[in-house]
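Encoded as structure tokens, the structure appears first; notes follow it.
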Amino acid sequence: MVSDFFYPNFGGVENHIYQLSQCLMSMGHKVVVVTHSYGDCRGVRYLTNGLKVYYLPRLPFYQQASFPTLLGWARLLRVICLRERASLLHGHQAFSTMALEAAINARSLGLKVVFTDHSLFGFADPASIVLNKILKAVLADVHAVICVSHTSKENTVLRACLRPDSVYVIPNAVDASQFTPDPRVAWPSDPESEEVVLVVLCRLVYRKGVDLLGLVLPPLLARHPRLRVLVGGDGPKRKLLEKVVSDHGLGDRVALCGAVQHEHARDFMVRGHVFLNASLTEAFCMALVEAAAAGLVVVSTAVGGVPEVLPPDLIVLAEPSAEGLLVGA
Amino acid sequence: MAEAPAESTSPGPGDGVGSGDGAEGGPSPAKWEKVLWKRQPFPDNYTDDTFLQHLVVNAELPPRRYWPLVVASAAVTQQACCCVAAGLVPLHLHAGRLGAGQVLAAAGGLLAAGYAACAVLGGQLLGGSVARGIRQCVLLVGGVWGLSPLLRSLAGTVSTDSVVALAVAGLLLHLGLHDYGFVNVLTDRMSGALSLGSGVMAAVLLAGRMRREADVFAVVLLSLELFLLSPFARRHVARACPTAHLALTAAMVGGAAWLLALASPAAAAAFLAAVAALTFVAPAALVRAHRFKARISGPWDEAAPHFPRELLLLPRAGRGQGAVVVVEGEGAGEEG
């Protein structure tokens, strides 16, 4: 497994790689993860069940993607593949330069290559155009491509000009034993008069719809006097939310709880009854599945692959606008 | 609802065989649904007929037509003429073919004509009112007059080749980054500070080569008029009457060609050829290239909701726990 994104970084791709590795190991395969070093986390480390992780000395230069040098670490990769007697290389995330380069180098070593794309990308802006061209070049020689939703499959097929039947749709999954509902949570029988808690848990960045959230929260709280909101997560848009909260005097009803570690995510979520997701673009939102597994009602904007993720009785879809979210909530 | 704790337990090669044609063989004609939460009797790489059904190509693309493009290219031609004038007037002053008095008279005439165009055609008095306009004009002229000794010695230590090279580069940058949409009445505000800055920088550099301070004053004043004020006047002319716009363009081309011909007829011929290419050949190329444009959009696009600026930028007036005034409409709905 090769990707720029692995622990100690937190995120959907990292969790996916880790859990996939654990499952494959429990089926008897040997899995080795190759990623770049994070601070003083470098060298070879062993995670649970003997999962071997190589933290290579690559330089991350933009959002944890390492600096692109096509042959810069080809020798290291070759040594690792030979030492571990690898027969398959699985790259993750189109944004990860390590994964793309490893796919090229592994093909010249004669390995089979599988690539998983976790995100949706646009077509119009210059960065996307360059990335799509690179992806097209790399995926031209890959044995199989995995996408996490049908919308993501359409997006990837268009971006990389792939044959659709070489793209497999395998959705992400959640370990339900880790996300169980809390039986002690009292479900309000009458949403109007009893206290209802709304939970938001995401990185506070633009693409997660934090601006929409800031627009929607004040009227929502005005409409339901017994509503409380818990916002977990941190990011550049936190100031915006704090400003909205202070401008409308909602400090006693909205709690900005800061970053929540993944192992505490379930405990954070079961404090609420409704999970709100206002993302502007999602290939497959893991948080929705985790929230549904934890027993919350999910309200989300219908963007990207979200309409495919949960059955209609578990999720309420909304238009990606402030009015739509108000209607949905 | 318990999810399977593993990734798909039926991976790999067994499922991928023989599914390229998308036909679902078998006695039960189950319909493929675009959902991920239930197991469907299709392989993982099954491609349904509805694949890419929501793909939209070139949704809101206005077509490009030749003659409107030719008319629109007049703005670029006008700007090129301004640059040529701004570059050649210092040359002629330096060589003695023109006098500072003539240049000042031309600048004054252009200022009056431009002001009249703005006032009559556009109803916009530059500077707010006539008195303020005159005051600003006096301030501008006085400022340039006071600064001209300084400007003359500003680039004194730079050699002439470097000055000419920098000036040419600055004027090209100005042409490249200029806000042509403004003159073509497409936008309402003039933008492009970098282009203005590079144009003025080129003018100042060339002015620094002048021999007399009166020359410096004349050059800087003319250049400032051409780069700062003429877009507004030309915009009003373009909006009022397209024929006058084209006539103005032709007059500017003629003026620039005359200035060039004073220096070298070959350069004038080259300039006229470039203008012809810009006016007739470039639009044809653009129209031909437009056929290949494919703007792809579909359900994977990032949503671009409308954020009303009032809610995001200004603090609200009513604080405290009471009813909050809401700008957008509220929908009917319930929690839970």
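Positions of Cβ are set from backbone N, Cα and C atoms, glycine also.
Noted in TrEMBL for the protein shown:
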| type | residues | note |
| --- | --- | --- |
| REGION | B:1-30 | region 'Disordered' |
| COMPBIAS | B:13-25 | compositional bias 'Gly residues' |
| TRANSMEM | B:66-91 | transmembrane segment |
| TRANSMEM | B:103-126 | transmembrane segment |
| TRANSMEM | B:133-151 | transmembrane segment |
| TRANSMEM | B:163-183 | transmembrane segment |
| TRANSMEM | B:190-208 | transmembrane segment |
| TRANSMEM | B:214-232 | transmembrane segment |
| TRANSMEM | B:244-261 | transmembrane segment |
| TRANSMEM | B:267-287 | transmembrane segment |
Contact ranking winner - B:66-91, B:103-126, B:190-208, B:267-287 against the transmembrane segment (B:214-232), Cβ under 8 Å: B:103-126
Seg_contact(the transmembrane segment (B:66-91), the transmembrane segment (B:133-151)) with at least 3 CB pairs under 8 angstroms, min sep 6: no
Chain residues outside the transmembrane segment (B:103-126) and at least six past its termini with a C-beta under 8 angstroms from it: 89, 93, 133, 136-137, 215, 217-219, 221-222, 225-226, 229-230, 232-233, 235-237, 239-241
For the transmembrane segment (B:190-208), distant same-chain residues with Cβ under 8 A (at least six beyond the ends): 83, 86-87, 90, 148, 151-156, 158, 163-164, 166-171, 173-179, 182, 215-216, 219-220, 223-224, 227-228, 231-232
Stretch of maximal Cβ-Cβ contact with the transmembrane segment (B:244-261) [cut-off: under 8 Å; candidates B:133-151, B:163-183, B:267-287]: B:267-287
Long-range neighbours of the transmembrane segment (B:267-287), counting only residues six or more past its ends (CB under 8 A): 64-66, 69-70, 72-74, 76-77, 80, 84, 253, 256-258, 260-261
